[in-house]
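J.: Have a look at this one before I ask anything.
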């Protein structure tokens, strides 16, 4: 399954990443790179069946600790 | 970047679809049991002052969106912190709405299909919509809303034989407290979620139009939600709480003769379109926020990656449907309260102060 994200993200690099580099839009390029690497990492983890922790638990605990059940 | 323009009519339609989108199918004011419809009315009354606040903020800074207004009112540093909070809220809300859709498809339509598939398909659609821009979304909504209205009216009429109005009694049988709790829940989901439109309505035409748009949008959508809630209560009675999607179950019980039945797919159509528009608006606001924070040339360059992250978050956020329901009714109202009420009121106070200060400066320097 991990092949699918690799293929998908390769298309993304060709379609969006290279044009940004050619246009020298460095702000857009670096923000896009950081977001892209994060999303690629999560995609790979999900495709390999790794359980990614959800932010729902900590937020729920925080809200319950403030307002009670 | 070309400035996008949104007509008042399109903006009202966007608010209507945004509000009724997921709330029509998941139900509103569940805490109040058979007084849920009164809870929606209470929620509507509670949101009225907030509508005034949202529209006042927009009309004080005409042509500016939420993130510009934050910079103008709170200064550069604090505005960045608040902007990060709103980016997270929009991003998280979009993921929650997408997950609602995923659960819906998984429970009622395609239980064998992995949930990631419907999430990914709708997420991609949202990415395309946000890349096309708010104008296209506005026009699409203007085309589809009459169809949605027609479906809602026809379904209500067909449900008349199934209605048992005695299920609505006793009115206020459990007292006022559950109704107020339900009203608070209805305030946070869905009415005050329209705070995100401050990030979109920078392109409205006149100074008065934000109020008109918010007022009519919320009023029409509240009316639809009240009628639908009464229908669900009158059809399902005490069984309402045992369904994850009460509207779907209520419409599923409609049977006219032996040929008009199984029309719940019409409700699914409304839900899918509503979720699509709501997630797209959330994604748009998140992308605009990121774009403004990092001084990007165009927010469109980050839509694909932000959209994909939203899809992944929606996939990992809950373990099961019970958790989703617990979060939606027990945790979410308190979680969303600062974003929907406290921060907008603070921004409004600072905005009024800034606007008056600018006016005074204008008087002293005789600017036009």
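Including glycine, each Cβ sits where the backbone N, Cα and C put it.
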J.: Scan B:213-234, B:235-256 against TrEMBL and say which stretch is down as transmembrane segment.
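T.: Based on what TrEMBL states, transmembrane segment spans B:213-234.
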J.: For the transmembrane segment (B:213-234), which recorded stretch in the set B:36-61, B:141-163, B:183-201, B:299-318, B:330-351 gives the largest number of Cβ pairs separated by under 8 Å?
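T.: Looking only at B:36-61, B:141-163, B:183-201, B:299-318, B:330-351, the most contacts with the transmembrane segment (B:213-234) come from B:36-61.
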J.: Applying the under-8 angstroms CB criterion, which one of B:113-134, B:141-163, B:267-287, B:299-318, B:330-351 scores highest with the transmembrane segment (B:81-101)?
T.: B:267-287
J.: Same-chain Cβ contacts of the transmembrane segment (B:299-318) under 8 Å, 6 or more residues past its ends?
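T.: Apart from its flanks, the transmembrane segment (B:299-318) reaches 91-92, 94-96, 98-99, 102-103, 115-116, 119-120, 123-124, 126-127, 130-131, 133, 279, 282-284, 286-288, 290-292, 324, 327.
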J.: Under 8 angstroms, Cβ to Cβ: which one of B:36-61, B:141-163, B:183-201, B:267-287 has the largest number of such pairs with the transmembrane segment (B:330-351)?
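T.: Most Cβ pairs under 8 Å with the transmembrane segment (B:330-351) come from B:183-201.
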